[in-house]
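Colleague: Annotations per Swiss-Prot:
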BINDING   10-17, 23-24, 62, 89-92, 100, 116-117, 185-186  substrate binding site
ACT_SITE  11  active site, tele-phosphohistidine intermediate
ACT_SITE  89  active site, proton donor/acceptor
SITE      184  site 'Transition state stabilizer'
């Protein structure tokens, strides 16, 4: 049986991750730590012999620059890349820019956990006049009004990510291409829920660490066989726990 591998990687720590702020579609860059995480991810992949034929990422620079860091370490900076808004982070609506711990102090840990991790729960909406509304950003000029979010749940994020997976990414994998995807916590959670057929309760507890390669292996029918992170297991567990704790009051 031939095994097809796919590598998913959440962007390295961003400036707003470092400040513990809701980011969503806000286009913040990587922190110094995030740049280092991207390079380290590339080094881990190189040490394990990974080579890629094609890459996907979002239209947000924290994911794009993570991919650059990885590919630079692999000496594959030339690799063809497709950028899509469908791989963007979940849109956090009116929470974007707010400190997560301060928001938890105001609304309670459980409410913020539901906003962050609940499957069908949307954060408070933006108005379309708000400067944070993506309709004001030229990179989304080709999107229809219906495609421009004022807030998103994970369920709504899945609604845009999985068609892109089925129509664009999966056909390349079926043709034998080796794929890496640099994306975001919730766009990756959307793919993981779909690939592993997780329940709404299971996905609530899933936290994706920053800057750590997540490998999926598929059988001949493109069904997932197993998945695993590359790197030090204790460090990865600590990173995932840190993500979970971001939304708690101090």
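Yeah, the Cβs are placed from backbone N, Cα and C, and that goes for glycine too.
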Colleague: Look at each of the binding-site residues, 24, 185, and point out the one with the fewest other Cβ atoms around it within 10 Å.
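Modeller: The binding-site residues 24, 185 were compared, and 185 has the fewest Cβ atoms within 10 Å.
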Colleague: Test of understanding: give the count of other CB atoms lying within 10 angstroms of the CB of the residue listed as 'active site, tele-phosphohistidine intermediate'.
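Modeller: The residue listed as 'active site, tele-phosphohistidine intermediate': 31 neighbouring Cβ atoms within 10 Å.
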Colleague: Just name the most isolated of the recorded positions 10, 90, 100, 184, going by other Cβ atoms within 10 Å of its Cβ.
Modeller: 100
Colleague: Among the binding-site residues 24, 100, 185, report those whose Cα falls within 10 Å of that of residue 11 (active site, tele-phosphohistidine intermediate); none is a fine answer.
Modeller: 185
Colleague: Excluding near sequence neighbours, so keeping only residues 6 or more apart in the same chain, what lies with its CB under 8 A of the residue listed as 'active site, proton donor/acceptor'?
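Modeller: Once residues fewer than 6 apart are set aside, the residue listed as 'active site, proton donor/acceptor' is near 23, 24, 25, 58, 60, 184, 185, 186, 187.
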Colleague: Through the lens of DSSP with three states only, how would you label residue 24 (substrate binding site)?
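Modeller: Note: residue 24 (substrate binding site) is coil by DSSP, not helix or strand.
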Colleague: Find, for the listed binding-site residues 13, 16, the residue with the lowest Cβ contact count at a 10 Å cut-off, counting only other Cβ atoms.
Modeller: 16
Colleague: Sort residue 10 (substrate binding site) into helix, strand or coil using the DSSP assignment.
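Modeller: Assignment for residue 10 (substrate binding site) reads strand.
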